[in-house]
Structures are given as C-alpha cells and as structure tokens.
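Working notes, beginning with the structure itself.
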Amino acid sequence: MRENNQSSTLEFILLGVTGQQEQEDFFYILFLFIYPITLIGNLLIVLAICSDVHLHNPMYFLLANLSLVDIFFSSVTIPKMLANHLLGSKSISFGGCLTQMYFMIALGNTDSYILAAMAYDRAVAISRPLHYTTIMSPRSCIWLIAGSWVIGNANALPHTLLTASLSFCGNQEVANFYCDITPLLKLSCSDIHFHVKMMYLGVGIFSVPLLCIIVSYIRVFSTVFQVPSTKGVLKAFSTCGSHLTVVSLYYGTVMGMYFRPLTNYSLKDAVITVMYTAVTPMLNPFIYSLRNRDVKAALRKLFNKRISS
C-alpha cells in the first residue's frame with residue numbers, strides 16, 4: 001500500500017543541467033536548436049536510405065536504424081526539459097521519472113549494440129569480402145537489430161523495477177535535467193547495495209558492445225595493413241572513420257559518467273550527460289553524411305524529388 005501511495009503522490013524536482021537560472025536559460029535555447037536539428041537530420045538520413053535503392057545494403061540498413069534510435073533517444077528527455085522550462089516548472093511524477101529512466105537505459109543500450117553491429121559489418125566487409133553477402137544477409141541484419149532492441153530492453157527492465165521498489169523519504173531533487181539511475185539511487189533512503197551492484201552489472205553489459213567494436217577494428221586494421229598499397233589503408237579509414245568518430249564521442253562521454261563510484265556523482269556531471277543525450281545524436285547525421293558520397297548523393301536526390309514535386 002505504501003509503494004502504491006508513493007507512486008501516485010511522489011514527485012521529483014529536476015534541477016537541470018547546472019541548477020543556475022541564467023545558465024539554464026542558455027541550455028534551454030541550446031536545446032531549442034539542438035532538438036529540431038536532431039529530428040530533421042536523422043529523419044533525412046532514414047528517408048535518403050529508404051528512397052535510394054543503391055543504399056539498400058547492410059551498412060546503410062544499420063545506419064538507418066541508428067538514426068531512428070537517436071530520434072527516440074533525444075525525444076525521451078529534451079521535450080520534457082523544454083516544456084518544464086517554458087512552464088516554469090521543474091517537477092516530474094514518479095511514474096514519469098521511471099518511464100524516462102527505462103527508455104534512456106533501453107535506448108542507450110540499443111544504440112551501443114547497433115554501433116557494435118556496424119563495426120562487425122565493416123570488419124566482415126574488409127576482412128572477408130568474398131563471404132560478405134552470405135554473412136551479412138538481410139536475415140542476419142534483422143537479427144542484429146532485433147537482438148539490439150531485446151538486449152536494450154532486457155537491461156532496462158530490472159533497473160526500472162528495482163528503482164520502483166525504493167523508498168524516497170527526504171530530498172527529492174534530482175541532480176540532472178532528466179531522471180537518471182545514478183542520482184535516483186543517491187536520493188533513496190532504502191538499502192541500495194544490491195541496486196548498486198545491479199547498476200554496475202548493467203554497466204558491464206553496456207561495455208560488451210565496446211569490446212566487440214575493439215575486436216572488430218583490430219580485425220579491420222590487421223587486414224588493411226597487410227595490403228601493400230596505401231589505397232587499402234585510405235579506403236578503410238574512409239569507410240570506418242565516421243563510425244570511429246561516433247563511437248569515440250558516445251563511449252567517451254558515457255564512460256566518463258558511469259565508469260566510476262556512485263559517491264563521486266554530483267550536479268556538475270549533468271553537463272556530461274548533455275553530450276551523449278543531445279549533442280551526439282545531433283552530430284551523427286553530419287558525421288556520417290559529410291564524409292560519405294553515397295549518402296550525400298541520396299540526400300541530393302531526395303531534395304530534388306521534393307523540389308520537382
């Protein structure tokens with residue numbers, strides 16, 4: 001009964017990125033620009049890939065799915081932050097907080113596993129080109145995407161259920177602009193030892209794709225450096241450079257946030273979360289399209305179709 005009453009009456013206060021009103025105004029304007037750019041950029045990538053038959057291959061199928069996840073990922077937190085700032089409110093219900101946390105964990109994990117699938121795709125294309133179409137068949141690609149979604153949601157569910165069982169009887173100010181598991185655990189007045197262990201287990205599951213990416217690129221570069229011509233090296237960097245940039249941005253900020261003790265977390269760390277929740281999803285379409293002739297050509301065709309119609 002107490003837990004049911006808590007879920008219906010408890011509200012959290014989202015302190016924002018810095019907790020300072022002047023700086024929050026700056027981040028409001030920043031997010032007001034970032035969010036539509038993220039939506040439009042990633043949606044254009046999806047439409048360009050779907051509309052151009054030349055891009056109907058595993059590499060671009062995975063890229064289109066990454067763009068879809070980035071749209072959902074940024075939509076979990078930014079609209080709520082913008083709405084709260086506009087309404088002069090910082091509150092979020094207990095149910096809304098758990099929902100936000102669930103989708104952030106699920107989509108964050110899904111994103112990381114799709115990035116691993118993309119690295120595997122490049123490794124197969126460069127190290128086993130004759131078997132590429134067999135290994136990266138349409139069925140295999142669908143299984144890779146489906147598996148990414150299943151693992152992402154399977155990792156998010158236990159964390160959400162465990163957090164829902166906690167009691168919050170004191171300070172209800174969340175040191176972030178959205179409901180993240182780390183500040184929520186710090187607010188609880190329950191015994192959180194098991195929850196912290198589960199959180200680090202989740203971090204371990206989140207690290208598996210990074211290990212897969214590292215192994216894939218070791219395979220890529222070991223194959224490329226065996227090629228006597230420098231063209232092989234340049235081709236590898238041209239096809240893998242964009243992906244490596246995205247992986248570095250994403251995992252660099254996430255590792256800075258979660259690969260450390262819970263007690264070290266503070267409101268100052270909320271600035272780090274802006275990078276992987278807002279900035280990285282916005283930059284991904286530019287990173288993948290600016291250095292990719294096929295994507296740029298598909299985007300031009302897409303715009304020409306819209307103009308001519």
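Placed from the backbone N, Cα and C atoms, the Cβ positions cover glycine too.
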Same-side membrane placement of ILE135 and ALA270 in Swiss-Prot: no
Nonlocal neighbours by CB distance (under 8 Å) for CYS97 (disulfide bond), same chain, sequence gap 6 or more: PHE12, VAL174, CYS179, LEU184
Long-range Cβ environment of CYS189 (disulfide bond), under 8 Å and at least 6 residues apart: SER167, PHE168, CYS169, GLY170
Structural state of CYS189 (disulfide bond), classified by DSSP into three states: coil
Among 26-49, 58-79, 101-120, 196-218, 271-290, stretch most in contact with the transmembrane segment (140-158) (C-beta, under 8 angstroms): 101-120
Secondary structure tally of the topological domain 'Extracellular' (80-100) (DSSP, helix then strand then coil): 15 helix, 3 strand, 3 coil
Per-state residue totals over the topological domain 'Cytoplasmic' (291-309) - DSSP helix, strand, coil: 16 helix, 0 strand, 3 coil
